[in-house]
Amino acid sequence: MIEAKGVGLTFQTADGPVDALKDVDLTVGRGDFVSFIGPSGCGKTTFLRAVAALESPTAGTLRVNGMTPDAARKARAYGYVFQAPGLYPWRTIAGNISLPLEIMGFGKADRAARIARVLELVDLAGFGGKFPWQLSGGMQQRASIARALAFDADILLMDEPFGALDEIVRDRLNEALLELWKKTGKTIGFVTHSIPEAVYLSTKIVVMSPRPGRITRIIDSPLPPDRPLEIRETPEFIALAHEVREGLREGHGHD
Amino acid sequence: MTEAASAAPGRRLWDGLQARALPVLTVLLAIVAIWYLGAIWMNGQWVRDQAARADTVLTTAEFIRQTLALDRPVLPAPHQVAAGLWEGIAGQRITSRRSLVWHGWVTLSATLAGFGIGTLAGILLAVGIVHNRAMDQSVMPWAVASQTVPILAIAPMVIVVFASAGITGLLPKAIIAAWLSFFPVLVGMVKGLRTPDAMQLDLMRSWSASRAQQFWRLRLPSSMPYLFASLKVAIAAALVGTIVGELPAGATAGLGARLLSGSYYGQTVQIWSALFAAAALAAALVMLIGAIETLVLKRMGLAR
């Protein structure tokens, strides 16, 4: 699904070039749930943006579904979820989900059917007629996930989607996201700086470190696909979280 | 505090009204009082001269009464202006050349036409500036320069040029009004069309939206609060532009012409009446746009 070989990305700034990404090699298979974790400046968001063709790598090759990121975007390969919901206040929830569908030229009846389906999927059925300000922060973010799902992209790219929400809402949304992932079989790329979140959600955890932004460890999760929230108290979970923490510390060796 | 909170709703409404009306009324009363004093003081010289010529001695009461009832006062008293306004609005057939309603309509129609042209020009230029690098770097200095030229110098030229082409009446005045009103719309819309943040633009890009789709679905709706703020400035500017366009010699219709003919014949009451009519018109237009703004922004969920 996503294949990176020696990907590098250098920003030209006033203080000289900055290596946001260096020698990133990564393969993400169909149906994987991959978390990118690391301190700020480690390039996790930059990598996700490069996959989405919102940034262009300056070195190496990056393939999404066997295509260049640009071509993959035009082929509607992915839906992108940002940290803020970014819903338009002048559109209802249904209208907001309809927006990418209108842009992509879906017919009216098709749009209505898709909106109903994804609202059901994120557990917001019946809220289509509400305006964003009438919904809580967690519900707004669910609506933005529904918007990213509406056009049936195989890949869901999520950049700290729950970063602005409180712990309790976050737990519930993580559970719901896992449920959604199992139901739809999407490939998910998920940026976070929460270790428990990464461990709880992922089949694969990519640990990154800054200056230059690079991958220090790729950890395949041994946890089963069925994960109740209580799994976070099991020894396997704690051991995995410890391994991620070790990986993060490794990258910080010279700080 | 607790007393006010526990008061009946009717009582609270009344208190609220009082709290809001009181400062306004106080200021209004102060202005009227100062105005009366000013009228007595400024018209006093004339009354004293008249009395000296007639060799009479005036009591204070008689002196004040006369300063406030002159035919052509230097500064007419508030009640004289009010009478002049009433006479101009209600005391005439609406089609009469002495009706302020008729003159007001002449000014209003040119104002609205100029406002329409100016708004359209401002929006189009802003769209160009936001979407085109060359325009971004070249248009603004010219727009600013256009506003630094005194409108009093431009207006007669516009009127004369159009008149020589056989065009008189509404259009040349509307052009002058548009000249003044396009600028606030331009500045407001450039800012407004640029309000969508990087994330919202990235979202659009992630859907491979075209620039037209980005404009109609994101930039334009986002700019509405800015548009309305600048429209309020623009409509007042359009009215000023129209009145200035009515000043050059030859104009016989409109509030501007009314101002001018008043000053020719020393009819100060007429000048002040026209002035107040213009001010009331401007206030009404700004309030109308404010009402439309509230309605639209509330519907769009953008109201503060």
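Indices start at 1 and increase along the chain as displayed.
Note: Cβ is positioned from N, Cα and C throughout, glycine not excepted.
The domain 'ABC transmembrane type-1' annotation in TrEMBL covers B:104-293.
Annotation comment: TrEMBL describes B:21-42 (among others) as transmembrane segment.
Panel annotation: around the transmembrane segment (B:105-130), residues 136, 139-140, 143, 170-171, 173-186, 188-190, 192-194, 215, 219, 227, 230-231, 234-235, 237-239, 241-243, 245-246, 253-256, 278, 281, 285 of the same chain, lying at least six beyond its termini, place a Cβ under 8 Å from a Cβ of the stretch. The transmembrane segment annotation in TrEMBL covers B:105-130 (among others).
What TrEMBL lists as transmembrane segment is B:142-164 (among others). Long-range contacts of the transmembrane segment (B:142-164) within the same chain: residues 125, 171-173, 175-176, 179-180, 182-183, 186, 240-241, 244-245, 247-248, 250-251, each at least 6 residues beyond the stretch ends and with a Cβ under 8 Å from a Cβ of the stretch.
Sequence-distant contacts of the transmembrane segment (B:170-190), counting only residues of its own chain at least 6 positions beyond either end whose CB sits under 8 Å from a CB of the stretch, comprise 109-111, 113-115, 117-119, 121-123, 125-127, 129-130, 140, 143, 146-147, 151, 154-155, 158-159, 161-163, 223, 226-227, 229-231, 233-235, 237-242, 244-246, 254. Marked as transmembrane segment by TrEMBL: B:170-190 (among others).
Annotation comment: TrEMBL describes B:226-251 (among others) as transmembrane segment. Same-chain residues lying 6+ beyond the ends of the transmembrane segment (B:226-251) with a Cβ under 8 Å from its Cβ atoms: 107, 110-112, 114-115, 118-119, 122-123, 151-152, 155-156, 158-160, 163, 172-185, 187-189, 191-192, 195, 257, 259-260, 278, 281-282, 285-286, 289-290, 292-293, 296-297.
When Cβ-Cβ distances below 8 Å are used as the criterion, the transmembrane segment (B:271-297) is approached by residues 76, 81, 84-85, 87-89, 100, 103-104, 107-108, 111, 224-225, 228, 231-232, 235-236, 239, 243, 255, 258-259, 262-263, 303 of the same chain, each at least six residues removed from its ends. Residues or ranges marked as transmembrane segment by TrEMBL: B:271-297 (among others).
Same-chain neighbours of the transmembrane segment (B:21-42): 64, 67-68, 73-78, counting only residues six or more beyond its ends whose CB sits under 8 Å from a CB of the stretch.
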